[in-house]
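Q: This structure is in structure tokens; I'll ask about it shortly.
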Amino acid sequence: MDEFAFLPAWSGVASTMRRHGWSDSPLGTPDRWPALLRATLATMLNACQPLCLAYGPSRAFFCNDAYLPLLDRPLETVLGQPLAIAWRAQWADLEALVEATYDGRGGSREDMPRRLDRDGLEEDTWWSSHCSPLCDEQGAVAGLYCITQETTARVRALAALHDLNANLERQVEQRTRERDRVWGISRDLYLVCGFDGFLRSANPSWASEMGYAPETLVGRRFDELVHPEDRAATLAEVKRLIRRVSPDDFQVRVRRADGSYRWYSWTCTPEQDLFYASGRDVQRRRELEELLRQSQKMEAIGQLTGGIAHDFNNLLTGISGSLELLQRRLENGQHDNLERYTGIALSATQRAASLTHRLLAFARKQALCLGAVDVNGVVAGMQELLLRTLGEQVQLDCRLAEGTWPANTDANQLESALLNLAINARDAMPDGGRLRIETRNLSLADGFVADLAPGDYVVLSVADSGSGIPAELLDKVFDPFFTTKPIGQGTGLGLPMIYGYAKQSGGHVDIVSEAEHGTTVRLYLPRFGDEPVPAPTAAPAPHAVPGAGPSARGEHVLVVEDDHGIRALLLESLGELGYHVREASDAGSARRLLEGGGPLDLLVTDIGLPSFGGPELAALARRLYPALKVLFITGYTRDGLLEGLVLDGETRLLNKPFALHGLARLLRDLLDGRAS
């Protein structure tokens, strides 16, 4: 009978065990070994992981084939020997673990170094040992079972990571020292602020540049230091930071300790629940930019003189000459053909009004009355005027798309823009050509057209077959006072006016042109509402010589105008129409008339009255006459003057100069509750 039949035949350790003399061993011959030892040896020798075993009171040593590389001498010299002999090189490190295991507790030792010979080369390796007690049937500890695992790769990786961390710490320390130097010596303002709005720290420049000791800023809200007019924009940027969107650089005014303000350009970045901000003083740069703008403005005024002065002198000559001839004929009793001179004067005043409107629109001073506008209807209504403007040599081709949406814009300014584009096209085609006007609906996705929000738009396209614009000049066409026409034949305000009008409407304008191949200008106007407008109908030709206009129906009107001449014209014109008119030259006189009582249906007032504006007067009048209709008239709309003013069916605005027949029609529409 084979006493080693329980051992695997393929194992080299099993072969050594068969040759080993066990008779002198404390364990005795294998046929006397307990079943626990035999079963444990069979399991261990079949394992691939390094394992070893100590058994019996002598703690006789056994191991499997995978453990052999860990022995520092031949297996024959340690097989069956006490564990202290087999582990003599590590006994000092492992003795406590062995004793604990024989006491029934077990344990581990991690990452113990071992220098091994591998392929003829000495190599430092690391191993972990996990020992468990081996108990017999009575539960007594009969031996020790040890699982060994190489951890060389992990130890080396941890060492490399430690070195990397140490290197990173050195770099961080270096960067921190550099940052601290910048923090301390920079003239820029640095701060750390929480998303709750309270400052965490500030650099010393706050003392030298702004007069604040940095420690006094800690715990204060950052917006306390921002100019009140800039706080809303600043808070909007902070909200972008909270959403982890790094904002573009932005400029705000920061309050100094002495109460004055300076402009700073800020760059911010978020980090956890904080944001870090760097501010650079741009006060001097802004002052220089303002000086440059003033210089450019003076240069522009010089350019303006040649065109505007020439045009106004021509218009004034036509008006004064016509009036002089009219007066001379009346003095001589010649009453025939007088309408010829009045027609010349009226035409000149209309052209002067158009010129001032272009100036105001360019300066963004002309208030827009936004509402639903039928673009097709505007084009159709202007066809006769456009034909007269273009002349016989230019063919007009209108292609108006069906179902075009209403545009949210100002009808009068749209007419002015279209007329300007037609005039530019005519001048670009001195030998004749074709002008094509098209309309269409367009739904834009985000980013489809630069500087234009996504949404629905009505596109008005005006294309000519003229000389075109050279590529080097195309970027300048929207610059104020830039013109390719000779001095006296253009002011350079047409396209800038159209640009300003488009932007005020919430739209956009672009231009495509090539020398000798014509020019196309496209107006993008935002859609109003969701319903298509009806098909265009023919409108009466504008600028026809009118009659007096619609008559009154016994209504009572109060006219408030500080200019005596204009007030006299209004009184006479409204009186001719049958209105019951009272007058006031200032707000104080008007207030006394209003408080004095009497019937009143309509208030006609200048907006810019001295000491007490037209809107305030209208508010007072409506407290006394709740159903009162109001017509504001103005020749110059200052910034903010119309802010908060609601133009609706009860309130209208009329720009000077205006035709008296147009005033009469507007009054009738206002009193009758009709849209005009």
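Here the Cβ of each residue, glycine as well, is placed from N, Cα and C on the backbone.
As annotated in TrEMBL:
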type: DOMAIN; residues: 196-245; note: domain 'PAS'
type: DOMAIN; residues: 307-529; note: domain 'Histidine kinase'
type: DOMAIN; residues: 556-671; note: domain 'Response regulatory'
type: MOD_RES; residues: ASP606; note: 4-aspartylphosphate
Q: Can you count the other CB atoms that lie within 10 A of the CB of the residue listed as '4-aspartylphosphate'?
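A: There are 23 of them.
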Q: Which numbers of helix, strand and coil residues does DSSP report for the domain 'PAS' (196-245)?
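A: Output for the domain 'PAS' (196-245) reads 29 helix, 7 strand, 14 coil.
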Q: I'd like the per-state residue tally for the domain 'Response regulatory' (556-671) from DSSP, helix first, then strand, then coil.
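A: Tallied per class, the domain 'Response regulatory' (556-671) gives 46 helix, 27 strand, 43 coil.
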Q: Tell me, what is the mean pLDDT of the domain 'PAS' (196-245)?
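A: Here the predicted model's pLDDT, averaged over the domain 'PAS' (196-245), is 89.
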